[in-house]
Amino acid sequence: MKAVVFAYHDMGCTGIQSLLDAGYDIAAIFTHPDNPGENHFFGSVARLAAEQGIPVWAPEDVNHPLWIERIREMKPDVLFSFYYRNLLGDEILNLAPKGAFNLHGSLLPKYRGRAPLNWVLVNGESETGVTLHRMVNRADAGDIVAQQTVAIGPDDAALTLHRKLCAAATELLGQALPAILEGKTAERPQDHSQATYVGRRTPEDGRLDWEQPAQTLHNLVRAVSDPWPGAFGYAGANKFIVWKSRVRHDLPAAKPGTVISVAPLIVACQDGALEIVTGQTERGVYMQGAQLAQALGLVSGAVISSKPVVAIKRRTRVLILGVNGFIGNHLTERLLQDDNYEIYGLDIGSDAISRFLESPRFHFVEGDISIHSEWIEYHIKKCDVVLPLVAIATPIEYTRNPLRVFELDFEENLKIIRDCVKYNKRIIFPSTSEVYGMCTDKNFDEDTSNLVVGPINKQRWIYSVSKQLLDRVIWAYGDKYDLKFTLFRPFNWMGPRLDNLNAARIGSSRAITQLILNLVEGSPIKLIEGGKQKRCFTDISDGIEALFRIIENKDGRCDGQIINIGNPENEASIKELAEMLLACFERHPLRDRFPPFAGFREVESSDYYGKGYQDVEHRKPSIRNAKRCLNWEPKVEMEETVEHTLDFFLRTVELVDDKNP
């Protein structure tokens, strides 16, 4: 049986050797290049493949059409994945008639996801194991072919458990692979209701929080001990690593973080104390706890912490161009809630940000980005993070004023990008969901989806291609000149202060604002092409929280990333949005102040937008990058967003009426 294998790490070597022992014909092996930032204590899949005379590749994107075609030409009967770090797309999974199988380091359905070996130790589990399962388009969710349980001893650390799992995998594969070869597997579906999920771990996750129970910290030490990066704490500004520990409950309670003893080195925790058996200073050598205490200058009664004691950090300076806009004013509000940020803003108006003008951390100048280029360059040089939020982003303007869209959205923003390169400043650039155009994917993926636009005579695409070209320019500057950047793509953000009713009166607004104007004025709601187009509507509070986390950029996770920010659960057609809005309007306490509902009216897009318009049937984001980089998921349901948005505009109208009797 011909197999194509995707493998890495010791488990990859174990899987390949087991396949060879079982008599499989391995046509090719796909692996990863070694990361220079990792401790390479494990076996090399590439070396094993070369020694066995098997072709081996390490592509950056194995799901690229070129690699899919090469694998198709190999005509594999079966696929195997052994600790390969990237998900395989459906096109690859469907290439093997006998199916695709993955070896996972836990007892599925528990601990789906990344680093299960470390997580079971962190959580103090008494057993784990390995699972061979069929691969489906959902990670770690396919039917189970075989499982092998591994007991976790009280003295097991990451490396000893890793070795146990490798041994268990050898035993499991020795039985399961011949069964697959003979077509005699007994598979069972997973109980998805029992599934648990764990995410990728980083060195920062090894931080010791002395406010936690001693057993919790001991489990963390076991989970990340050598050859993993280790659990760590700080004595003043000096970092130290703990390699081995034990829990002590035989000592008087003390304030968490207090050094109870230096020989042996014992530190008080919330419940019990942690004895540091072995460890090292950040640039030192492996040593016993008592010697570590000497190296750190610790004495009994001293207090150590989970963070370094350092001088007060300067606030991060954030430059927001277009600060009075929908995203800009909400982002300003969120940044001012955190004392770590100072905001510099430019816009042609200040009505939406007037509530911030008295803040000592908010510095505003009224101006136009096409005129105040010297001010902008000076503040790019002065600030740490730049967000150019100025753009014409309403569909009717794409056909009505295409050249103005190009001049502002592309040409003016290109100047800002080049200044960020010149002064080595981080740019967070607002791309758009429009760049995906007429992509046919079910979910638009930042890294794999094609960007599909219409013909030249459909000028509505000038906004999309202007943004797309800027995305590509920024990416190129990042690649060639190390520009620090993150591209974020909002998917139909809604909420208070989205456009205004005056803009809606001339057709230059987003959909919900136009619909609200129709209700307020008692004019028919116009449904373009019947309102069948589907969008995923995202509450502004969800969107801003994601954007705030991009600015935070913990551990640099957002550097060089493209991140969709949208709510795939809030998918609805424009007609459904209008019906939901109407229902909210009819039950609103201010309903009696407005005219009767004038009904729906279907219109052709060319009549409403002009002949240069072309619509998009659906626009649904994949948010895997947002989950991975930001630990973010949207929370607000669509109806709540619609209610808040409607309420804001109706009360705005009320205020205007009160001032103009």
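Cβ coordinates are placed from backbone N, Cα and C, and glycine is handled just like the others.
For His104 (among others), the entry in Swiss-Prot reads active site, proton donor, with the evidence type sequence analysis. Listed in sequence order, Arg112, Pro116, Val130, Thr131, Leu132, His133, Asp140 are the same-chain residues six or more apart from His104 (active site, proton donor) with CB atoms under 8 A from its CB.
Under the DSSP three-state reduction, Glu434 (active site, proton acceptor) is assigned to helix. Within 10 Å of the Cβ of Glu434 (active site, proton acceptor) there are 24 other Cβ atoms, across all protein chains. Per Swiss-Prot, active site, proton acceptor is recorded for Glu434, and the stated evidence type is sequence analysis.
What Swiss-Prot records for Arg619 (among others) is active site, proton donor. Under DSSP, Arg619 (active site, proton donor) is assigned to coil, being neither helix nor strand in the three-state scheme.
The (6R)-10-formyltetrahydrofolate binding site annotation in Swiss-Prot covers Arg114, Val136, Asn137, Arg138, Ala139, Asp140 and is backed by sequence analysis.
Counting only same-chain residues at least 6 apart in sequence, those with a Cβ under 8 Å from the Cβ of Ile369 (NAD(+) binding site) are Leu321, Gly322, Leu346, Ile376, Pro388, Val390, Leu408, Glu412, Ile416. Look at Swiss-Prot and you will find Asp347, Asp368, Ile369 tagged as NAD(+) binding site, backed by sequence analysis.
The feature UDP-alpha-D-glucuronate binding site is assigned by Swiss-Prot to Ala393, Tyr398, 432-433, Arg460, Asn492, 526-535, Tyr613, with sequence analysis given as support. Proximity of Glu529 (UDP-alpha-D-glucuronate binding site) to non-local residues of its own chain (separation of 6 or more, Cβ distance below 8 Å) is seen for Glu602, Val603, Glu604, Ser605, Asp615, given in sequence order.
The region 'Formyltransferase ArnAFT' annotation in Swiss-Prot covers 1-304.
Residues annotated as region 'Dehydrogenase ArnADH' in Swiss-Prot: 314-661.
Counted within 10 Å of its Cβ, the other Cβ atoms near Asn102 (site 'Transition state stabilizer') come to 24, all protein chains included. Per Swiss-Prot, site 'Transition state stabilizer' is recorded for Asn102, and the stated evidence type is sequence analysis.
According to DSSP, Asp140 ((6R)-10-formyltetrahydrofolate binding site) sits in a coil region rather than a helix or strand. Here Swiss-Prot flags Asp140 as site 'Raises pKa of active site His', drawing on sequence analysis.
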Rounded inter-Cα distance in Å - Asn137 ((6R)-10-formyltetrahydrofolate binding site), Lys532 (UDP-alpha-D-glucuronate binding site): 29
Sparsest-packed among the recorded positions, when each Cβ's other Cβ atoms within 10 Å are tallied, from Arg114, Arg138, Arg535, Arg619: Arg138
Three-state secondary structure, Arg114 ((6R)-10-formyltetrahydrofolate binding site) (per DSSP): coil
Other same-chain residues whose Cβ falls within 8 Å of the Cβ centroid of Asp347, Asp368, Ile369, the recorded NAD(+) site, in sequence order: Leu321, Gly322, Leu346, Ile348, Gly367, Ser370, Ile371, His372, Val390
For Lys532 (UDP-alpha-D-glucuronate binding site), the three-state class that DSSP assigns: coil
Minimum Cα separation from Ala393 (UDP-alpha-D-glucuronate binding site), reported as the residue among binding-site residues Arg114, Ala139, Asp347 that achieves it: Asp347
Rounded Cα-Cα span from Asn102 (site 'Transition state stabilizer') to Arg114 ((6R)-10-formyltetrahydrofolate binding site), Å: 13
Per DSSP, three-state class assigned to Lys526 (UDP-alpha-D-glucuronate binding site): strand
